[in-house]
């Protein structure tokens, strides 16, 4: 089970679980949409994963901990004062039912991390469908390296970003990429999904390698140029 729960204006709280197992929750934006979903489906929670410190990713953690005080909350050092109880940077988290790879993906924030388990990539604000995150407390070189790190994952990896930015990202991608065919095809599909109020994600890493300019950028300089252009797009 892999479920993006809409929160705030365009955030997704991700819930993932193997059959008959407690679930993992990624980036608790707010408690309100998450709690009813967990209760209606009678899901226990095995772990919470935080990608970075921004309020739209951790704003519901304190409330969650009031309902689930014994659930471990994993996150980078920058989340220590945001509710993280177990600090991670890279390596592996092993719980009763899951093995979760932790990948350092700084750039959007300096200590941002991403998580991979069972072929699902929870990449927060590092990688979006057809885009990548803005650079705030990290730097462009760091963000480029992070995206390159994610690019090495298998093509069938499910990309699970934290925002519904896909249509805007596709518009930018079409403006800068030489081969626009895959971008145009994906835009048609995403427009239909969004018209039906369905999420555009997850996608696959293989697809992202065709439609995401930040995975296609040939060098750090081109990456930085495109990222700065996207900021003004």
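Using N, Cα and C of the backbone, Cβ positions are placed for all residues, glycine too.
Here Swiss-Prot flags 52, 54, 108, 125 as Zn(2+) 1 binding site. Within its own chain, residue 54 (Zn(2+) 1 binding site) has 109, 125 as residues 6 or more apart in sequence whose C-beta sits under 8 angstroms from its own. Under the DSSP three-state reduction, residue 54 (Zn(2+) 1 binding site) is assigned to coil, being neither helix nor strand.
Using a 10 Å radius centred on the Cβ of residue 125 (Zn(2+) 1 binding site) and all shown protein chains, the other Cβ atoms total 26. The secondary structure of residue 125 (Zn(2+) 1 binding site), as reduced to three states from DSSP, is coil rather than helix or strand. Per Swiss-Prot, Zn(2+) 2 binding site is recorded for 56, 57, 125, 163, and the stated evidence type is sequence analysis.
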Which ones in the same chain are close to residue 56 (Zn(2+) 2 binding site), with CB under 8 Å and 6+ residues apart in sequence?
8, 11, 29
At the level of the C-alpha atoms, what whole-angstrom distance separates residue 108 (Zn(2+) 1 binding site) and residue 57 (Zn(2+) 2 binding site)?
13
Fill in the CA-CA distance, residue 52 (Zn(2+) 1 binding site) to residue 163 (Zn(2+) 2 binding site), as an integer in Å.
14
Taking the mean position of the Cβ atoms of 52, 54, 108, 125 as the Zn(2+) 1 site, which residues outside that list, in the same chain, have a Cβ no more than 8 Å away, listed in sequence order?
51, 53, 57, 109, 112, 124, 126, 133, 136, 162
Neighbour count first, Cβ atoms within 10 Å, every protein chain included; then name which of 52, 163 tops the list of binding-site residues.
52
